[in-house]
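Below is one structure, written out as structure tokens, with a few remarks after it.
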């Protein structure tokens, strides 16, 4: 009894766990699985946790999630879905500049749509069906010249063409459209709120905005009203358009790609390199900042403070951290360079925060717990590839193998990706090599369903993780880590086994 009845009070609490500074002070490189976060005190519900975090110096996201610029992960469908959920998608550049710019071009989820598809009286029903197949909508305004700024004469909606067949494709729009005198319009200068109220009262699908000369200047869609209601966290720019990023290389011909992307409305460019500490990237940062000073630039990839310093000095607005830690990446194996991701994120974030530069943890994310750990180590956002691959919105077609529904997933350093386009070769400085050295592999991943179901699971998981830690926001989580209040503990291999599913003959692991 005497051994444990030392005091009648509970004022004494022994020191427990390690601060991040102590954990990463030794020479061991740690991954996310090598440590755990010790729980804190809960005095709030999980849904109260604020996940707002900085993507770059000037762009803030309500959800700290980014889809990776890989050709089996992010094109327009993924970027749209990620932005609607409060994150952002980075369109890959393993394609022509024109294709990438078209994927970025903003026509979805806007307040006032100032560049809609417009047709003239000389267009036919077939043209409308072609536009519907290409853009996914059929509410098309008709003007005298078929351009914005021309006199509005009508609109073609799905109700006008629903029951038409191929034999009607040659019919002119003047015969099927809803005429101007039947339309509800709003005057130029109307506020977005007023226009939305008019659209709600009219019960129409589209609301054209016209000037005093009855010329079309913009349009508003009812579907956008519904999206505003259904996606309150959506990432939008000052024009109420969804945020979108794009990756570019660091070579001379990437300057043409950059011009097309800025014309398409890109919000942030990611300089895509496996090793970002190079004269090529520094020169490209200087070029972008001189030509497009307001454009946000993400540099990388880096894993040390020394690498980060050069890019911060060059003027980057955020840093992408990770080298060789992705599930399809073999850089560490082939090149003998890289760093375990836990250590890389902590070391770079601890240095970059002194200059107000946010850090993106890129790679090595296998579970929602890894996301929480990356954020707790100082990352502002987390970039995911394999975790989002094989979702409905990821590029590529599903196929079946042994009865399992799969999608292809490959590293941008794989021979498959490098053979498709030279952009992947430039990322690994190998476009001029006679012999290509693969730094990635190709594989397949089981169908995960839609992003619209998977990302809410990730968001809820992050919130519950922060709740267990006792952090009501991501900014509080980081401040707890840097102040030493957040305590960590290394895990032995036995501890890792214990922390997973064990001791069962068989089991089913359903995450959501």
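Along the chain as shown, residues are numbered 1 onward.
Glycine residues also receive a Cβ, built from the backbone N, Cα and C atoms like all the rest.
Listed in Swiss-Prot:
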| type | residues | note |
| --- | --- | --- |
| DOMAIN | 112-171 | domain 'CBS 1' |
| DOMAIN | 177-235 | domain 'CBS 2' |
| BINDING | 272, 273, 274, 322, 323, 324 | NAD(+) binding site |
| BINDING | 324, 326, 329, 498, 499, 500 | K(+) binding site |
| BINDING | 327, 362, 363, 364, 385, 386, 409, 410, 411, 412, 413, 439 | IMP binding site |
| ACT_SITE | 329 | active site, thioimidate intermediate |
| ACT_SITE | 427 | active site, proton acceptor |
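Taking the features listed in Swiss-Prot, we show where each one sits on the structure.
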{"residue": "272", "record": "NAD(+) binding site", "Cβ neighbours (10 Å)": "29"}
{"residue": "322", "record": "NAD(+) binding site", "Cβ neighbours (10 Å)": "28"}
{"residue": "323", "record": "NAD(+) binding site", "Cβ neighbours (10 Å)": "27"}
{"residue": "324", "record": "NAD(+) binding site", "Cβ neighbours (10 Å)": "26"}
{"residue": "326", "record": "K(+) binding site", "Cβ neighbours (10 Å)": "26"}
{"residue": "329", "record": "K(+) binding site", "Cβ neighbours (10 Å)": "24"}
{"residue": "363", "record": "IMP binding site", "Cβ neighbours (10 Å)": "27"}
{"residue": "385", "record": "IMP binding site", "Cβ neighbours (10 Å)": "26"}
{"residue": "409", "record": "IMP binding site", "Cβ neighbours (10 Å)": "24"}
{"residue": "498", "record": "K(+) binding site", "Cβ neighbours (10 Å)": "11"}
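Here the binding-site residues are 273, 327, and the one ringed by the most other CB atoms within 10 angstroms is 273.
Note: the CA-CA distance between residue 498 (K(+) binding site) and residue 273 (NAD(+) binding site) rounds to 37 Å. Highest local Cβ density among the binding-site residues 499, 500 belongs to 499, counted as other Cβ atoms within 10 Å over all protein chains shown.
When secondary structure is read from DSSP and collapsed to three states, residue 499 (K(+) binding site) falls in the helix class.
Nearest to residue 363 (IMP binding site) in space, judged by Cα atoms and limited to the binding-site residues 273, 274, 329, 499, 500, is 329. Counted within 10 Å of its Cβ, the other Cβ atoms near residue 274 (NAD(+) binding site) come to 23, all protein chains included. Cα distances from residue 326 (K(+) binding site) to the binding-site residues 273, 385, 409 are smallest for 385. Taking CA atoms as the reference points, residue 500 (K(+) binding site) and residue 327 (IMP binding site) are 19 Å apart.
For the domain 'CBS 2' (177-235), the number of residues in each DSSP class (helix H, G, I; strand E, B; coil) is 23 helix, 16 strand, 20 coil. Within 10 Å of residue 499 (K(+) binding site), as judged by C-alpha distances, no binding-site residues are found among 274, 322, 323, 324, 327, 385.
Spatial neighbours are here defined as Cα atoms within 10 angstroms of one another, and by that definition the neighbours of residue 323 (NAD(+) binding site) among the binding-site residues 329, 385, 409 are 329.
Residues 272, 273, 274, 322, 323, 324 are listed as the NAD(+) binders, and the farthest two of them sit 14 Å apart at their Cα atoms. Classification of residue 323 (NAD(+) binding site) by DSSP places it in coil, neither helical nor stranded.
The Cα of residue 327 (IMP binding site) lies closest to that of 274, out of the binding-site residues 272, 273, 274. According to DSSP, residue 409 (IMP binding site) sits within a strand segment. Note on the domain 'CBS 1' (112-171): DSSP counts are 18 helix, 13 strand, 29 coil.
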